[in-house]
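S.K.: Below is a structure I'd like to ask you about.
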Amino acid sequence: MSIYLPYALSVDGGYKLNDKIKMKFEDNTEITFTIKGFTEDVFFSSVDTAIVGAYLPRETYEKVKDQLGDKYKTTVVFANLKEKNKNVETGIRKLINADSAVLQIDYTKGFFSFDLSTIRSSRTMIATIVAVMMVAFAVIIALVCMLVVRFRIGNSIEDDMIKIGSLKAMGYISRQIILSVALQFSIIALAGSIIGIALSYLSTPLLSDVFAHQSGLLWVQGFDPAISCISLISILLVVVIVSFITAGRINHLSPIVALRGGITTHSFRKNYFPLHKSKGSLSVVLAFKSMFQNMKQTVMIAVILVAVSFAGTFAVVIFYNTVIDTRTFAETPGVEISNVIAMLNPAVDNTELVKKIDHLKDVRKVQYIDQTTLKINNNASIAYVMDDFSQKETNTIYKGRYPLHSNEVAISGHFATMLHKKIGDSVTLGIGDKQDDYLITGLTQGTSMGGLNVSLRMDGILRINPAFKQQSLQIYLKRGVKSKDFIKNLENLYDKSILSTMNVDKQLQQGMGLYTSVVSKVGILILVITILVVILVLYFIINSSVIRKKRELGIQKAIGYTTFQLMNQLSLGFLPPVISGVILGSVIGITQTNSIMSLAEQSMGVMKANYIITPLWIAMFGVVLVIVSYLTSLLITYRIRKISAYALVTE
C-alpha cells in the first residue's frame with residue numbers, strides 16, 4: 001500500500017522513496033506502507049503543531065479505513081475567510097459540542113484548530129531567529145569592512161606616496177588621482193561582490209536543509225535579480241563614498257612632500273611619552289608613544305574590536321544555551337517541563353491512583369496541569385489549569401504573578417498586546433454559554449500555540465465549566481531515572497487506570513534538537529567569522545603601520561634594535577585598543593543580548609528573553625580574542641626583518 005509522507009520525515013527520519021514504513025496502532029494492529037513520495041503541507045508537515053499528517057491514495061485509504069474502523073476517523077475542514085473570524089471556530093465547537101466533558105473523558109476524540117498566523121509563526125520561528133542573528137552580524141561585518149576599506153586605501157596612499165608626488169609634479173590634478181584610486185577599489189569591490197553574491201546562492205541549499213528540519217518545507221531559492229542588484233549597488237555605493245572620503249587627503253598633499261614620502265619639515269604635534277622623562281622598558285614606552293601619536297588608528301581599532309567582540313559574545317551566549325546548558329532554550333515554548341505525563345480517566349475518582357504514583361520510589365513529585373480551550377474576549381485560546389501555580393517548575397511569568405484566587409488569570413504578553421490589556425485590567429473568559437470576568441495578575445511568555453494562552457487555577461476554570469475534570473498528571477522523576485523504563489513499569493502496574501502516557505524527555509529531546517542544532521551551528525559560524533575578521537582587520541592596519549614607519553624602523557634597526565624587539569614594540573602598541581575594545585564589546589554583549597533576542601522573539605510570544613549569560617565563558621572568549629590579536633600582530637610584523645638601513649638609503 002502506498003503512502004506519501006511529510007518532507008520532514010525524509011530529512012529527519014532518513015526515509016527514501018520505496019522504503020517500507022510500519023505503523024502500529026493502539027489495538028496492536030500493524031500496517032506496512034510503501035513510501036511513494038514526500039509532501040509539503042504547512043498545516044501537517046511538522047511536529048511543531050503536534051499533528052503530523054500523511055496522504056493516502058483513494059484505494060489505500062479505503063483499505064485502511066476498513067481495517068481500522070471509525071475509531072480513528074477525523075474530519076479536516078479548510079476555511080478561507082475574508083478576515084480572521086473566531087466565530088467560525090466557535091460555531092463548529094457548538095455543533096460538535098467540543099467543550100463538553102464527554103470529549104475530555106474519551107481522549108481519542110477532540111477538536112483542534114489552527115489559523116494561518118499561528119501556522120506561519122510556527123513554521124518560520126527558527127528561520128526568524130536565524131535571520132535576525134545573520135542580519136545583525138552582517139551589519140556588523142559591513143561596518144567593519146567599511147573601516148577596513150578605509151585603512152586599505154590609506155595604506156595604498158602611504159605606499160604610493162612618491163608615485164603620487166611624481167604624478168602631481170607632472171601636472172595631474174588631485175581630482176584625477178582621487179578618481180583613479182576610487183575606481184581601483186570600486187572595481188575590486190565589484191568583483192568581490194559578484195563572487196560573494198554567487199557564493200550566497202550556492203549556500204542557500206545548506207540553509208534550506210537546516211530549515212527543513214524544523215518547518216518540514218523545502219526552500220528552493222532561485223536567482224533574485226532585485227535583491228542581488230540592491231546588494232551589489234549598496235556595497236559599491238558604500239565603497240565609492242569611503243574611497244572618495246579617504247582619498248580626499250590627496251587634495252592637501254603637495255608634490256614636494258609626496259616626493260619625500262610624506263615627511264614634512266616640521267611638526268607641531270604633541271610629543272607623548274618623551275623618552276628622556278618616561279620610565280619603564282623602552283619598547284613599552286615606544287609602543288605607547290606610537291599608540292598616542294596615531295590616535296585615530298587606535299580609536300578605529302577599538303571600535304572595530306567593540307563591534308566584533310559584541311558579535312562574538314552574542315554567539316557565545318547562543319552556543320552555550322543550545323549546546324552546554326539547554327534549560328532556558330527548552331523553556332522557550334512556555335510549557336511545563338516534567339519527565340512523564342499520564343492521562344487519567346476523568347470520569348472516575350483518581351485520588352488514590354495519584355497517591356500511589358506519587359509514592360513510587362522513582363517519583364519526585366506529581367501534580368495536575370491540564371489544558372483546555374476557552375474564549376477570552378471572544379478570541380479562542382488555550383488555558384493551562386492547575387491547583388497551585390507556586391508548585392510550577394517552569395516559570396513563564398515575566399511581569400506580575402500567577403493567579404492566587406479563582407477570579408484571577410495570567411495571560412500571555414503576546415495576547416495582552418493583541419487585546420490592548422495590561423496587569424490590573426479585566427478580561428471575559430467563556431466556555432460554551434458560560435462566561436465570567438477575571439482580573440489579570442501577570443503576563444506570561446512562550447511560543448506554544450503561537451503565544452496565545454492563559455493560565456488560571458482549578459477553582460477558576462470551574463466558574464465557567466463546572467464539569468471540568470483534571471486528567472493530565474505531570475510526573476517528575478528523581479535524578480538518574482529513565483523515563484522510558486518508568487513508563488513501562490507504570491503501564492504494567494496501572495495499565496487499566498491510565499488512558500495514555502507521554503515520554504516528555506523524549507519529546508523534548510526530539511523537538512528541541514531541531515532548534516539547538518540549527519542555532520548552535522549559526523553561533524559557531526559567527527565565532528569563526530569573528531576571529532577571521534579580527535585577523536583580517538589587524539593585517540590591513542598593522543601592514544599599513546609598518547609601511548608608514550618604514551624609515552623609523554630602519555633607523556631603529558641601524559642603531560641596534562633586533563627584529564623581535566621591533567615586532568614586540570609594534571604589537572604592544574595595538575594591545576591597549578584591542579583589550580579595551582574586547583572588554584567594552586563583551587560588556588555590551590552581556591547586557592544587551594537578551595534585549596536583542598527579545599525583539600527577535602516577541603512576534604512568537606517570547607516577550608522577555610532570559611538566556612543564560614556566563615561571564616566566565618565570555619571572559620575566556622575575550623582572552624582568546626586578545627591572544628589571537630597579539631599573535632597575529634607578531635606574525636604580520638615579521639616582515640620587519642626585510643627592512644634595513646642600507647635599503648632605505650639606496651631608495
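Just so it is clear, glycine is given a Cβ too, placed from its N, Cα and C backbone atoms.
Okay, these came from TrEMBL:
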type     : residues : note
TRANSMEM : 125-149  : transmembrane segment
DOMAIN   : 136-255  : domain 'ABC3 transporter permease C-terminal'
TRANSMEM : 177-202  : transmembrane segment
TRANSMEM : 222-245  : transmembrane segment
TRANSMEM : 299-320  : transmembrane segment
TRANSMEM : 522-542  : transmembrane segment
DOMAIN   : 524-644  : domain 'ABC3 transporter permease C-terminal'
TRANSMEM : 570-591  : transmembrane segment
TRANSMEM : 611-636  : transmembrane segment
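I'm curious about the neighbourhood of these features; can you describe it?
M.R.: The list of residues near the transmembrane segment (125-149) in space but at least 6 beyond its ends in sequence, with Cβ under 8 angstroms from a Cβ of it, reads 48, 185, 189, 207, 210-211, 214-215, 238-239, 242-243, 246, 300, 303-304, 307-308, 310-311, 314, 318, 447, 514-515, 518-519, 522-523, 526, 529, 533, 536-537, 540, 596-597, 599-601, 603-604.
When pLDDT is averaged over the domain 'ABC3 transporter permease C-terminal' (524-644), the result is 84.
Among residues of the same chain six or more beyond the transmembrane segment (570-591), those with a C-beta under 8 A of the stretch's C-beta atoms are 283-284, 286-288, 290-291, 298-299, 301-314, 316-317, 538, 541-542, 545-546, 549, 613, 615, 618-619, 621-622, 625-626, 629-630, 633-634, 637, 640.
Within the chain carrying the transmembrane segment (611-636), a Cβ under 8 angstroms from the stretch's Cβ atoms is held by residues 305, 308-309, 312-313, 316-318, 320-321, 325, 327-329, 527, 530-531, 534-535, 538-539, 542-543, 546, 567-568, 570-571, 574-575, 578-579, 582-583, 586, 589-590, 593-594, 597, all 6 or more beyond its ends.
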S.K.: Take the transmembrane segment (177-202) and find every residue of the same chain, 6 or more past its ends, with a Cβ under 8 Å from one of its Cβ atoms.
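M.R.: Distal contacts: 149, 152-153, 156-157, 164, 167-168, 221, 223, 228, 231-232, 235-236, 239-240, 243-244, 247-248, 250-251.
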S.K.: Give residue numbers and ranges for long-range contacts of the transmembrane segment (522-542): same chain, 6 or more residues beyond its ends, CB-CB under 8 A.
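M.R.: Distant contacts of the transmembrane segment (522-542): 130, 133-134, 137, 141, 144, 147-148, 151-152, 155, 297, 300-301, 304-305, 308-309, 311-312, 314-316, 318-319, 322, 570, 574, 621, 624-625, 628-629, 632-633, 636-637.
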S.K.: On the DSSP side of things, how many residues of the domain 'ABC3 transporter permease C-terminal' (524-644) fall into helix, strand and coil, could you say?
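M.R.: The breakdown for the domain 'ABC3 transporter permease C-terminal' (524-644) reads 104 helix, 0 strand, 17 coil.
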